[in-house]
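Input: a single structure, listed below in structure tokens.
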Amino acid sequence: MKNEHHHEEHDLNHDNHDEHGHSHTHGLEAMHGVEGSGGKLLASILITTLTLVAEVVGGILTGSLALLSDAAHVFMDIFALALSYGAVRLSQKAPSARHSFGFRRMKVLAAFINGTTLLVVAIEIFREAYNRFFTSEHILAGPMLIIAGIGLGANILVALVLGGHEHNDLNARAAFLHVLGDALSSVGVIVAGLIILFTGWYWVDTLASVLIGIVILSGAWRVLKETIHILNEGAPEGSSAEAVEHAIQKIPGVISAHDVHVWTIEPGFSVLSAHVLLEDQLVSNTGMVLQNMKESLEKNFGISHVTIQFECSNCGQACVVCEESSQ
């Protein structure tokens, strides 16, 4: 156990030195990304707030449930954007003794809350649509079309502002899905308004609200599924502990790997820890084994933060690694 402990300490020190240079570069890139996404989110909040005011007033004046349903979604867009902005700011805080990974998970948590609110909004829309099926209300299709058109224009503008987010940024993607779903909702309101204007079929407004609810529900499911997977320490997308173990075992000088754990702190930042059994070799050779292992994991799985505990195949006197590490 003592020999193994000394060798593990040697490997971890080597690993930490290498990770420091990588993390510094990654941190600078992340900081620029955070500043850019924060400004985009603030601009989107302003545009979306103006849209909300227009749709609430328009929905009340025209009596359109579809327009009010869309307004409810717009309100949740504002909540989602504000929450995302707060998470972005918190994620900038440096790691501490109590939070060794910093607050990277805040953006994932914000995405989870956004997904939950989307689910609640969809359920409420379905409830209102069900009640509306049993009542008949006159709807002013003309004003409904005008206001929905303004809302659609605002949604497209916000989508363009947020459209440049990083694919790995789940928080920004959740906010973008809110806005994209709202844009589709506005399209539904416009289609319903045109049908009502030319046919007088007021029930189409209720049908449009149901379709809007389905769009929102679909987005909520996708966001919740991914965030729950991450919060439950699931393996990164496209990888598994078994696949990583096989990749490690292909490295020259490695006999086997066990106790392999791989998980995601946030999309784009994956972590691995493992015990690796090595062939008998000089301690000076293990640095190259470790480097090859890290390069393989980064290239094939996108895993950049690696902690490895090396073990000897034979801890008797024939094992040079154990003998050297105990000196």
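A Cβ is built for glycine as well, from the same backbone N, Cα and C atoms used for every other residue.
Curation does not apply to TrEMBL; its annotations are automatic.
Positions annotated as compositional bias 'Basic and acidic residues' by TrEMBL: 1-29.
What TrEMBL records for 41-231 is domain 'Cation efflux protein transmembrane'.
Annotation comment: TrEMBL describes 238-311 as domain 'Cation efflux protein cytoplasmic'. Within the model, the domain 'Cation efflux protein cytoplasmic' (238-311) shows a mean pLDDT value of 90, rounded to a whole number.
Marked as region 'Disordered' by TrEMBL: 1-30.
Residues or ranges marked as transmembrane segment by TrEMBL: 41-65 (among others).
Beyond the ends of the transmembrane segment (71-88), by six or more residues, the same chain brings 34, 37-38, 41-42, 44-45, 48-49, 51-52, 55-56, 59, 106-107, 109-111, 113-114, 117-118, 121, 124-125, 151, 158, 171-172, 174-175, 178-179, 181-182, 185, 212, 216 to within a C-beta distance below 8 angstroms of the stretch. Look at TrEMBL and you will find 71-88 (among others) tagged as transmembrane segment.
Per TrEMBL, transmembrane segment is recorded for 108-127 (among others).
Sequence annotations record features per position, and here TrEMBL assigns transmembrane segment to 139-163 (among others). Long-range Cβ contacts of the transmembrane segment (139-163) within its own chain (Cβ-Cβ under 8 Å, at least 6 residues beyond either end) map to 40-41, 43-44, 47-48, 50-51, 54-55, 57-59, 61-64, 66-67, 70, 74, 77, 172, 175-176, 179-180, 182-183, 186-187, 189-190, 192-194, 196-197, 202, 205.
Per TrEMBL, transmembrane segment is recorded for 175-201 (among others).
For 207-224 (among others), the entry in TrEMBL reads transmembrane segment.
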